[in-house]
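Sequence annotations record features per position, and here TrEMBL assigns 5-amino-6-(D-ribitylamino)uracil binding site to Trp26, Ser58, Phe59, Glu60, Val81, Val82, Ile83, Phe114. Per TrEMBL, (2S)-2-hydroxy-3-oxobutyl phosphate binding site is recorded for Gly86, Thr87, Arg128. Marked as active site, proton donor by TrEMBL: His89.
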Amino acid sequence: MSGKGAPELSVRNASDLRVAVIAAQWHEKVMDGLVNGALRALHDLGIDEPTLIRVPGSFELPVAAKALAGRGYDAVVALGVVIRGGTPHFDYVCQGVTQGLTQVSVETGVPVGFGVLTCDTEEQALDRAGIEGSHEDKGHEAVTAAVVTAATLRSVSEPWH
Ligand code: DLZ
């Protein structure tokens with residue numbers, strides 16, 4: 001999926017939202033870019049004390065997201081990188097993490113930002129990692145999407161004055 005057609009998102013009054021970022025650890029250089037992009041986005045939004053936890057691989061992201069969604073966070077952001085190898089493992093991990101994070105979000109009502117790159121090659125992943133020379137910044141995008149959604153949901157659940 002390319003970034004063509006992505007919206008310009010903005011949000012007011014998000015600085016009091018509680019946000020947790022969960023990051024897998026496979027493919028360190030790409031992950032560093034995603035985590036830095038996510039923290040930069042949170043800083044831009046005035047959220048300077050996010051929770052950041054690490055899990056071993058992307059397959060572990062959904063269970064961690066569910067745990068944090070149940071602990072009062074307004075938004076959770078999941079970051080990971082899955083690179084296609086020569087085995088079906090790629091498909092299983094991608095399917096597990098995608099369905100798992102969707103399920104957590106819908107079941108808990110807590111927006112889960114999807115910052116999981118599923119790529120054929122490491123070069124493709126680096127191009128989306130928000131590092132020097134990248135064309136996309138998926139960690140930043142995932143935080144912005146989750147926080148904008150959380151702020152929007154809060155605005156419709158508050159009584160009108
Ligand atoms: C096993 C595995 C493989 C082959 N590839 C990746 C990957 O590219 N990215 C990633 O985040 N994790 C990978 N894993 C690990 C699984 O996500 C998981 O941690 C293990 O299967 C243990 O549950």
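Here the Cβ of each residue, glycine as well, is placed from N, Cα and C on the backbone.
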Span of Trp26, Ser58, Phe59, Glu60, Val81, Val82, Ile83, Phe114 around 5-amino-6-(D-ribitylamino)uracil - largest C-alpha separation, Å: 16
Cβ-Cβ neighbours of Ser58 (5-amino-6-(D-ribitylamino)uracil binding site) (radius 10 Å): 28
Which same-chain residues, if any, lie at least 6 apart from His89 (active site, proton donor) yet have Cβ under 8 Å of it: none
Winner by Cβ contact number (other Cβ atoms within 10 Å) across the binding-site residues Val81, Val82, Ile83: Val81
Trp26 (5-amino-6-(D-ribitylamino)uracil binding site) CB neighbourhood, other CB atoms within 10 A: 15
Integer Å distance between the CA atoms belonging to Phe59 (5-amino-6-(D-ribitylamino)uracil binding site) and Arg128 ((2S)-2-hydroxy-3-oxobutyl phosphate binding site): 20
Cα distance (Å, whole number) from Thr87 ((2S)-2-hydroxy-3-oxobutyl phosphate binding site) to Ser58 (5-amino-6-(D-ribitylamino)uracil binding site): 16
Rounded to the nearest Å - Cα separation of Glu60 (5-amino-6-(D-ribitylamino)uracil binding site) and Thr87 ((2S)-2-hydroxy-3-oxobutyl phosphate binding site): 19
Contacting recorded positions, sequence order - Trp26, Ser58, Phe59, Ile83, His89, Arg128 vs ligand 1, Cβ under 6 Å: Trp26, Ser58, Phe59, Ile83, His89
Pairwise CA distance, Val81 (5-amino-6-(D-ribitylamino)uracil binding site) versus Thr87 ((2S)-2-hydroxy-3-oxobutyl phosphate binding site), rounded so that it is a whole Å: 16
Integer Cα-Cα distance in angstrom, Trp26 (5-amino-6-(D-ribitylamino)uracil binding site) to Thr87 ((2S)-2-hydroxy-3-oxobutyl phosphate binding site): 16
